[in-house]
Amino acid sequence: MAKEKVVLAYSGGLDTSVAVKWLTDKGYDVIAVGLDVGEGKDLEFVKQKALQVGAIQSYTIDAKKEYAESFVLPALQAHALYEQKYPLVSALSRPLISKKLVEIAEQTGATAVAHGCTGKGNDQVRFEVSIQALNPNLKVLAPVREWAWSRDEEIEYAKAHNIPIPIDLDNPYSVDQNLWGRSNECGVLEDPWATPPEGAYALTAPLEKTPDTPDIIELSFEKGVPVAINGEAYPLDQLILTLNEIAGKHGVGRIDHVENRLVGIKSREVYECPGAMTLIKAHKELEDLTLPKELAHFKPVIEKKLTELIYEGLWFSSLQPALLAFLKESQTHVTGVVRVKLFKGHAIIEGRKSAYSLYNEKLATYTPDDEFDHSAAVGFISLWGLPTKVHSMVTKEKKEVTL
């Protein structure tokens with residue numbers, strides 16, 4: 001009788017390598033899937049390691065382009081910052097990984113999908129809800145959550161079964177990285193009073209070692225999509241990776257955040273998001289120039305809802321297409337160039353321009369070139385303040401009766 005197949009989200013690390021053997025011992029044929037969403041992973045190494053530790057098949061997918069265009073871009077256009085700080089680095093990649101796992105499960109006839117999340121984090125929710133939304137007939141397995149071993153027990157299991165142990169296993173931090181940034185937790189970072197050691201950072205320079213001369217760059221957008229740096233066009237994924245390097249060397253994008261996790265606990269996280277934070281700031285400035293007041297004031301309602309939806313693992317909910325449709329419509333005229341100075345940990349906006357600019361200098365100026373009709377203000381103020389005036393007249397004439 002043929003074994004059931006399970007598709008495992010495989011990173012090449014200790015947890016998922018042990019999971020291959022553990023799932024095999026449970027009677028499954030394991031199909032490993034490794035994705036590159038911009039962390040610089042050696043896909044061929046990941047593929048071969050999965051086979052080495054017992055997978056019957058191993059798939060590797062370069063998903064940077066799809067990740068940037070279909071997941072990161074809406075988050076950028078929504079200025080998605082969970083609790084006004086976290087640009088959803090890990091949360092954004094989970095629905096894409098889930099999508100690829102389900103696609104390969106359906107292609108190979110697998111009956112289950114597995115992930116390497118613990119029972120304490122948000123990612124288990126994001127993966128399982130996404131997978132259920134995409135194919136409710138698939139079983140979802142969580143071996144790391146089920147076995148609940150300590151790190152030492154896991155290492156002993158790996159040694160006993162000749163599973164290669166990663167050379168960076170003594171790294172005290174739990175790290176997740178993709179092109180939108182890098183997240184870091186555990187170790188000394190679990191103490192919210194502790195200063196994050198420099199060893200916790202990889203994408204950004206400490207302020208003491210940043211250049212004493214700023215980089216001044218121009219970011220070009222077309223309908224809300226970043227398309228060029230200093231006039232040089234890039235595909236979106238490569239533009240973000242390039243900006244990570246430029247802004248990162250100036251120490252831009254370090255975030256230290258005690259956040260409210262979906263599972264009900266608070267967690268101290270350290271993030272590095274040089275490209276993300278620079279792009280979000282520049283995009284917002286271009287919107288300030290091009291969006292009419294009503295749209296600009298309403299859009300944050302949609303932004304907050306999409307941010308929560310992503311963080312809470314509901315990317316594939318029925319609400320998401322409606323939110324993205326609003327975002328797409330809102331970006332029709334968000335075309336132009338923003339000039340940014342990168343210096344000593346800051347991305348400073350120095351200028352913005354657009355053919356769709358709603359800023360009229362002749363109306364805004366206080367010079368003799370002023371074309372604003374000052375006399376119109378009298379009638380406007382009278383009508384604008386009329387409800388307030390009437391209310392005041394009534395309340396002053398009649399005192400409220402308290403029953």
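Backbone N, Cα and C define each Cβ position, glycine as well.
As recorded in Swiss-Prot, the features of this protein are as follows:
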BINDING   Ala9, Tyr10, Ser11, Gly12, Gly13, Leu14, Asp15, Thr16, Ser17, Gly116  ATP binding site
BINDING   Tyr86, Asn122, Arg126, Ser174, Ser183, Glu259, Tyr271  L-citrulline binding site
BINDING   Thr118, Asn122, Asp123  L-aspartate binding site
Check your understanding: Of all the binding-site residues given, Asp15, Thr118, Asn122, Arg126, Glu259, which has the fewest Cβ neighbours within 10 Å once its own Cβ is left out?
Key -> Thr118
Point to revise | Cα-Cα distance linking Asp123 (L-aspartate binding site) and Tyr86 (L-citrulline binding site), given in Å to the nearest integer | key: 15
Point to revise | Rounded Cα-Cα span from Tyr271 (L-citrulline binding site) to Ser11 (ATP binding site), Å | key: 20
Check your understanding: Can you tell which of the binding-site residues Asn122, Glu259, Tyr271 lies nearest to Ala9 (ATP binding site) in space, using Cα positions?
Key -> Asn122
Point to revise | Any further residue of that chain within 8 Å (Cβ to the Cβ centroid of Ala9, Tyr10, Ser11, Gly12, Gly13, Leu14, Asp15, Thr16, Ser17, Gly116) of the recorded ATP site | key: Val18, Ala19
Check your understanding: Looking at the binding-site residues Gly13, Asp15, Ser17, whose Cα is closest in space to that of Asn122 (L-citrulline binding site)?
Key -> Asp15
Exercise for review: Return the member of Gly13, Asp15, Arg126, Ser174, Tyr271 nearest to Thr118 (L-aspartate binding site) in space, with distance defined Cα to Cα and candidates limited to these binding-site residues.
Suggested key: Asp15
Check your understanding: Taking each of the binding-site residues Ser11, Ser17, Ser174, Ser183 in turn and counting other Cβ atoms within 10 Å of its Cβ, which one has the fewest?
Key -> Ser174
Review point. What are the non-local neighbours of Asp123 (L-aspartate binding site), defined as same-chain residues 6+ apart in sequence with CB under 8 A from its CB?
Key: Ser90, Arg94, His115, Cys117
Exercise for review: Among the binding-site residues Tyr86, Tyr271, point out the residue whose Cβ has the most other Cβ atoms within 10 Å, with all shown protein chains included in the count.
Suggested key: Tyr271
Point to revise | DSSP-derived class (H/G/I helix, E/B strand, else coil) of Asp15 (ATP binding site) | key: helix
Exercise for review: State the count of C-beta atoms found within 10 angstroms of the C-beta of Ala9 (ATP binding site), not counting that atom itself.
Suggested key: 22
Check your understanding: Which ones in the same chain are close to Gly13 (ATP binding site), with CB under 8 Å and 6+ residues apart in sequence?
Key -> Gly116, Pro166
Exercise for review: Around the recorded L-aspartate site, report the further residues of that chain (criterion: Cβ within 8 Å of the mean position of the Cβ atoms of Thr118, Asn122, Asp123; site residues excluded), sequence-ordered.
Suggested key: Cys117, Lys120, Gly121, Gln124, Val125, Arg126, Val263
Review point. Among Ala9, Tyr10, Ser11, Gly12, Gly13, Leu14, Asp15, Thr16, Ser17, Gly116, which the record lists as binding ATP, how far apart in Å are the two most distant Cα atoms?
Key: 13
